[in-house]
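Take a look at the structure below.
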Amino acid sequence: MDGIGNTMQKKAAELERMAEVLVTGEQLRLRLHEAKVIKDRRHHLRTYPNCFVAKEIIDWLIEHKEASDRDTSIKIMQKLLDQSIIHHVCDEHKEFKDMKLFYRFRKDDGTFPLDSEAKVFMRGQRIYEKLMNTENTLLQTREEEGVTYERTLVASEFIDWLLQEGEMPTREETEQLGRRLLEHGIIQHVSNKHHFVDGGLLYQFRMNFRRRRRLMELLNERCRSIPENHDSPFCLRKQGSEGGNTSFLSVSPTKEIKVVSAVRRSSMSSSCGSSGYYSSSPTLSSSPPVLCNPKSVLKRQVSPEELQTPGGPYIKKTFTIVGDAVGWGFVVRGSKPCHIQAVDPGGPAAAAGMKVCQFVVAVNGMNVLNLDYRTVSSLILTGPRTVVMEVMEEADY
């Protein structure tokens with residue numbers, strides 16, 4: 001059974017990576033249309049509709065902080081070309097080149113290869129958008145086996161809604177659709193214990209199709225998953241080679257900086273599928289490399305009750321942090337409450353005023369005092385590019 005389970009996990013991971021490429025490519029296509037980068041162009045008396053110039057899009061990616069340099073931009077676009085998201089207008093170039101060549105999104109000329117997997121993802125995205133844009137009570141906070149989960153669907157109610165929306169003609173076929181959505185990583189059972197079945201079990205959308213993807217995430221699919229303990233190190237930004245061991249700078253509460261050696265990290269938790277927001281980029285040399293300390297930076301753990309005691313020594317602060325092409329530039333660790341373990345001095349979080357040892361109270365308006373860092377990390381990763389963080393810190397008297 002372990003072998004079958006591992007095979008299913010690998011397949012699910014592959015499907016999830018495929019979905020991320022599809023969604024990321026579609027988000028870029030819509031942005032380029034909006035920016036008028038994609039348009040009809042003429043060359044040698046011939047008009048090529050809905051295309052873009054390779055050289056111009058590389059300039060655009062750097063200008064919009066989606067890539068740090070031209071080489072990284074080429075790698076991003078090559079990934080989209082390899083995955084058949086884009087192609088040269090005459091299919092004469094299999095490599096993306098920094099030249100005045102015309103390329104086009106396959107979705108704009110009807111040549112996108114719709115295999116069974118792609119069809120499931122596109123259908124899942126349509127269902128997700130329809131659910132988000134419709135006034136209903138399907139998504140609610142609910143409890144299963146004594147644990148409370150946010151934004152859950154009851155399987156039987158979800159099937160009722162899908163039938164009402166005409167997604168499938170029969171209940172049995174609708175249940176099969178739910179199973180395909182789960183197998184493709186679009187939805188999941190809240191505790192990952194069950195497949196999709198018509199009944200009272202709770203499920204959540206695993207993919208947030210509306211989350212603004214960083215194009216840099218396309219280059220981080222092959223990151224190696226490393227088992228992680230409660231306070232394992234985690235790379236925010238990095239310089240140097242692609243080798244296994246690299247030098248990083250460690251940030252301590254007293255702002256002392258020392259060089260340490262650590263295994264390259266590219267995920268906030270032990271999985272790396274959608275955590276490219278936080279992953280490192282070897283080409284970003286404008287800011288110093290940072291590593292979260294292996295040991296907790298806290299002098300002592302504080303309870304949520306202690307933080308909220310009236311007249312206590314803690315004050316609340318709110319930061320609005322806009323992520324850049326690399327991430328937000330901070331690491332969350334701990335549990336009930338979580339704390340800020342490390343902050344990149346050159347990142348968006350530091351610019352907003354975030355510091356180590358602050359306790360995380362809320363993320364985008366949701367109270368997280370009683371959550372662990374993995375759950376908080378997931379909330380950030382699946383949320384918008386701009387994250388509002390409420391924290392508490394000891395007051396300076």
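The count begins at 1 with the first shown residue.
Cβ from N, Cα, C; glycine included.
Look at TrEMBL and you will find 24-107 (among others) tagged as domain 'DEP'. Residues in the domain 'DEP' (24-107) partition by DSSP class (helix H, G, I; strand E, B; coil) as 36 helix, 20 strand, 28 coil.
Residues annotated as domain 'DEP' in TrEMBL: 133-207 (among others). In the predicted model, the domain 'DEP' (133-207) shows an average pLDDT of 90.
If you look up TrEMBL, you'll see 268-288 marked as region 'Disordered'.
Summarising the annotation, TrEMBL assigns domain 'PDZ' to 318-395.
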Field: Counts by DSSP class (helix H/G/I, strand E/B, coil) across the domain 'PDZ' (318-395)
entry: 14 helix, 34 strand, 30 coil
- prompt: How do the residues of the domain 'DEP' (133-207) split into helix, strand and coil according to DSSP?
  reply: 24 helix, 20 strand, 31 coil
